[in-house]
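If you check Swiss-Prot, you get these features:
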BINDING   THR60, ASP81, ASP106, ALA107  S-adenosyl-L-methionine binding site
Amino acid sequence: MADNKANKEQVHRVFQNISKKYDRLNNIISFEQHKVWRKRVMKDMGVRKGTKALDVCCGTGDWTIALSKAVGPTGEVTGIDFSENMLEVGKEKTASMENVKLVHGDAMELPFGDNSFDYVTIGFGLRNVPDYLVALKEMNRVLKPGGMVVCLETSQPTLPAFKQMYALYFKFVMPIFGKLFAKSKEEYEWLQQSTFNFPGKEELKRMFEEAGFINVRVRSFTGGVAAMHLGYKEKDNTKGD
């Protein structure tokens, strides 16, 4: 528990400090591929109008905005993040969107009732949570039976050529970007470590299943440097019996 608390405090400091530069840093580090990946994920999701979505670790609100457009004016999107400064940037970006609400909170203790949302998403945020499985179980809890969960996250490439490029990128290129945009060594080292140490797609799929999700499928992007995990909460077949 002590390690989790220290980890959580470190991550909070990092994102509090990097909030105003986060969008630009994300674009540069991913060569703007995160936008392409998110569009493909949204296409796979097929979000229905008038539904309720939760964006966990919403950060500055990029995926929240995409969900807002997808659910339409009759739908609702809630974004939650533990960094107040990241949320402030997100609130500026979503100020004109009446179907969006951003709240401060913890991914491991979501402040919502059971079975509240049709969709729950998390984009490039799970790697920053101290306990992945606890967060996934919380996402399952607040998801409606039959609802969809989607995670878009960095992953470990499996193709040999991409594995070599990935290793070189993290060893030589990532530190340069980090030093340019981060305020301290702690910040860019965390960006490196959290990404490089994140589980591969098959291990993460097992975590999704352990958290209670079914029919989990995985889609890799750009040689496996990122991956989508999409699953469902089992339907409640006891109703009406």
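Backbone N, Cα and C atoms are what each Cβ position is placed from, and that goes for glycine too.
Positions of the features from Swiss-Prot, shown on the structure.
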residue: THR60; record: S-adenosyl-L-methionine binding site; Cβ within 10 Å: 27
residue: ASP81; record: S-adenosyl-L-methionine binding site; Cβ within 10 Å: 27
residue: ASP106; record: S-adenosyl-L-methionine binding site; Cβ within 10 Å: 18
residue: ALA107; record: S-adenosyl-L-methionine binding site; Cβ within 10 Å: 23
| query | For ALA107 (S-adenosyl-L-methionine binding site), what is the secondary structure by DSSP, using just helix, strand and coil? | reply | coil
